[in-house]
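To start, the structure itself, in C-alpha cells.
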Amino acid sequence: LQNVSCFFYHFYFLKRSEDDELGMALALSLVENTNPQSAQRSDEISAPPLGSESRSRGKEPENKAKDRAMMNVEESLKTQEKVSRSKKRRQRRKGVVQQIVGLPGSPSAAAPVLLWIRRDLRLCDNPALIGCLELGAPVIPVFIWSPEEEEGPGPTVAVGGACKFWLHQALSCFCASLEYIGSHLIFLNATGKANELRASLHVLKDLIMETGARTVLANSLYEPWLKERDDEVLSALQTEGVECRMFPSYCLREPYSVSTRGVGLRGIGSVSHFMSCCRQNPGAAVGVPLDPPASLPTPSSWPQGVPLDTLGLARMPRRKDGSVIDWAANIRTSWDFSEDGAHSRLEAFLHDGVYRYEKESGRADAPNTSCLSPYLHFGQLSPRWLLWDAKGACCRPPKFQRKLAWRDLAYWQLTLFPDLPWESLRPPYKALRWSSDGGRLKAWQRGKTGFPLVDAAMRQLWLTGWMNNYMRHVVASFLIAYLHLPWQEGYRWFQDTLLDADVAIDAMMWQNGGMCGLDHWNFVMHPVDSAMTCDPCGTFVRKWCPELTDLPDELIHKPWTCPASMLRRAGVLIGQTYPERIVTDLEEQRSQSLRDVALVRRQFPQFVDKRSGCDLVPLPPRLVSEALGGTREDVSGDFLLPVITRMEFKHQQDDPDADSASNPYNAVLKGYRSRKRDETIAFLNERDFMTSVMFEGTQRKERLEKDQCRLEGLPPPPPSASRGRARRTPHAKDQFSIVPGGAVTSLK
C-alpha cells in the first residue's frame, strides 16, 4: 500500500497522458479493493507461514496474489515510464510528458523567490526557472527594463528598434505561457531610477522589501557592461543577506571559462582554434535539456507592476499630423514571436531544410536556412536544446552545428575585447581612408544602390528584420570594398534593423569584413557575380524589387546592360523606376580599397610581422597570462601576436599601386555559373540588338508610308502582312535559336 500511495502521489502532481491516468486509476482501484486488515498482516505477507508449501497446487495464497497484482501494477507503470521517456524531445515539449514537478499552484505565505527574467523568455530548458522549483518556495517572475543599462557604452547600439519590437512581442507571449501554468510576469520600469546606483539594483531592492524575498535567481549574460552590472547587483544584494545565483544557459560554453592553455595563440580568431581550446580545456558538461514545468508555486500576494505597453518597447513614431508610422507591420505578419513558434520553426527546418543546408544554405531564393537566430538571441530557444535536436535529426550537418561554435566564439572575443563594437582590433586599420559620402550610405540603407541583389537584400532587411548569412556577407562586402564606407556604419545599421541584432556576433562579423578583426575574410562578395550562386534565376530579386520583374533571368542582376528595347518592354526606366548605379567601375573601387590597405600597412610597419607579413595585434593581459601557463597574472606592456592576414594584402604590400586584377590572390568571389551566364548574356544581347534594329526599321518604313499616303490624300496602307501571324518554329540551323550553355531561350 505504501508503494501504491507513492505512485498515486507521483501521478497526482504530474500531468500524464490518458494511458498514465488509466494506470493511476488501476492503482487506486487496487487500494480500494484491498482488505483494510491486510495492512495489519504485513508481516505475514513478507514472511509466509510455515507449511504453506503443502497447500494445494491449484490455489495460490491470498497474500501472494495481492503481491503479484502489486508487482504487475508496478511493472506496468515502469513500462509506461520507459515508453514515455523514449519519445522525442520535441514531442515532450508539447506537453505529452511534464517531468519537472513544482509545488502546487496554490498561494503560499512562505518567502518567495525572485526569478529575474532577461533574455531567457522560455519555459523549456530554463535553468534559473528549474532552480526556483528546487528551492520549494513561491516564484515571482519579474522583468526589469532599464534602457540605460541595456544600451551599453558609447556607440554600441545594443538594443535597436527592431530588437525592442521583438522583445515586446516575446514578453507578451512569455507572459501568456506563464499564465497558462498558473503564474504571472511582473513588468517593472527602471528608467531614470536612482542616479547614484544601478537602476535595476534600486528596483530589485524595492521589490525585495515589498515581497520579503530572500533569494534572487537569473540566467547569466556575457556582454561586458551587463556582466559588470550583474556582478555589482549580486555583490550588493549578498551584502544585505539576499542569496543570488546565476545560471549559465545563453551559450554552450561560458566565454570566461575558455582558455588557450595547451593550444597556443596561433590561429586565434578562427572557429577551429576556438573549438580546439574547448576540447583541450573542457569545462562543465553541456548536460541534458530541461523540460518545462507543469506549474509554478504562486505567492500569497503579487507585487505591483506596470503594463507592458508603458515600457515603450513597441512604440511607433508619429507624423506631424498625429498619424502613426507602423514600420513593423511586415515584421508583425512575418514572424511568430512565441516559444511555440521557435520550436515549430526548428521542427520544420529539421524536417526539410536541414537536408539542403550543407550545400545550399547560401541560396537567397529558397528557404534552406533555419531562421532561428532571433529566437536564440532572446532565449526563446536555448542553444543546448537546439544542439540536441540537431544531433537527433536523421541528417546531422556539421556546418549547421558549427554555427553554435561561431556564436560562442563571438562572445569569447567580446569578453576579451570589450570595445569590439567600435574600435578596430588591428591598429593600422584605424587610419584607413573611409568615404564620408552620406548619399551613398543612405542609398545602401534604403536598397537603392542600383545593384539588384544588394537592393533586394537591404529591402528584405528593412521589411522583415532578417536576411540570411550569405546575403549579410554580400551587403557588407559592398559597403566596405566598393563604397569605401566604414564598417561601423554597417554595424550600427544592422543593430538597429535586425531582429536578431547581437552585439557580439555583429561586431565580430563587421570587424572581419572590415579587414580589422582577428580573422580576415578571405573573400569579397561581388555584388553581381555572387548572384549567380545565391539567386541564379532572379527569384529573390523579383520578390523584393518588383520593378524588375519583367526582365529576363539572364539580365535581371545587370539591368544596366539590357538593351533599350528590352528595358522599354519590361517597363524599366533606369534613374526613374529603378535607381542608377551609385558605383560604375567596380574594379577600380576594389583596386582603391587594396591600395588604401597597403598604404596603412606601410605607414605602420611596427604592426606588420617582417617574417610572415601578417598583421600584429596587441593582446589583452588575460590572454597573454593564459598563454604563459598562468605563471604571470599581471602582464605589463602590449604583447603583439601575428594573426590571420589575407594573402591579397601581403602581395599588395610589395606593389601598392597595382590594381586588383593583377593581384594573383584576388579575393573576389565569383558565382558558380559565371562563365556560362556571361556567354548566355552575350548571346541574348546580340539577338535582342538585331531584333530591335529590325523592328525599328519596320516601324520607320510603315510610318513613312503612312505619312506619304496622307500627303497625297490616299487611304492608309493596309497593315503589315506579318502582323498577327504565329511565331516561326525554331530549328537546329537557326543561329538565333541555339543558346550556348543550354540556357533558357524564353524572354519575358
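Even glycines carry a Cβ here, placed using N, Cα and C.
Just so you know, TrEMBL annotations never went through curation; they're auto-generated.
The FAD binding site annotation in TrEMBL covers Tyr357, Thr369, Ser370, Cys371, Leu372, Ser373, Phe400, Asp500, Ala501, Asp502. Counting Cβ atoms from all protein chains shown, Phe400 (FAD binding site) has 22 others lying within 10 Å of its own Cβ.
The compositional bias 'Basic and acidic residues' feature in TrEMBL is assigned to 54-84 (among others).
The compositional bias 'Basic residues' feature in TrEMBL is assigned to 85-95.
What TrEMBL records for 700-710 (among others) is compositional bias 'Basic and acidic residues'.
Residues or ranges marked as domain 'Photolyase/cryptochrome alpha/beta' in TrEMBL: 111-252. Per-residue pLDDT, averaged over the domain 'Photolyase/cryptochrome alpha/beta' (111-252), rounds to 92.
Annotation source TrEMBL lists region 'Disordered' at 37-95 (among others).
TrEMBL lists 700-748 (among others) with the feature region 'Disordered'.
Counting every protein chain shown, 16 other Cβ atoms lie within 10 Å of the Cβ of Trp434 (site 'Electron transfer via tryptophanyl radical'). Annotation source TrEMBL lists site 'Electron transfer via tryptophanyl radical' at Trp434 (among others).
Residues or ranges marked as site 'Electron transfer via tryptophanyl radical' by TrEMBL: Trp487 (among others). Counting only residues at least six positions away in the same chain, the Cβ atoms of Ala476, Leu479, Ile480, Trp510, Gln511, Gly513, Gly514, Cys516 sit under 8 Å from the Cβ of Trp487 (site 'Electron transfer via tryptophanyl radical').
Sequence annotations record features per position, and here TrEMBL assigns site 'Electron transfer via tryptophanyl radical' to Trp510 (among others). If you draw a 10 Å sphere around the CB of Trp510 (site 'Electron transfer via tryptophanyl radical'), it holds 26 other CB atoms from the protein chains shown.
If you measure from the Cα atom of Tyr357 (FAD binding site) to that of Trp434 (site 'Electron transfer via tryptophanyl radical'), you get 36 Å. Spanning the listed FAD site, residues Tyr357, Thr369, Ser370, Cys371, Leu372, Ser373, Phe400, Asp500, Ala501, Asp502 have a farthest Cα to Cα distance of 22 Å.
Cα of Phe400 (FAD binding site) to Cα of Trp434 (site 'Electron transfer via tryptophanyl radical'): a distance of 35 Å. Non-local contacts of Leu372 (FAD binding site) by the CB criterion (under 8 A, 6+ apart in sequence, same chain) comprise Ala342, Arg345, Leu346, Phe349, Leu381, Leu386. Residue counts for the compositional bias 'Basic and acidic residues' (700-710) by DSSP state, with H, G and I taken as helix and E and B as strand, are 11 helix, 0 strand, 0 coil. For the pair formed by Ala501 (FAD binding site) and Trp434 (site 'Electron transfer via tryptophanyl radical'), distance between Cα atoms is given as 24 Å, rounded to the nearest Å. For Ser370 (FAD binding site), the same-chain residues lying six or more positions away in sequence with a CB closer than 8 A to its CB are Arg345, Leu346, Phe349, Gly353, Val354, Tyr357, Phe400.
A simple way to gauge crowding: the CB of Ala501 (FAD binding site) has 25 other CB atoms within 10 angstroms, across all the protein chains here.
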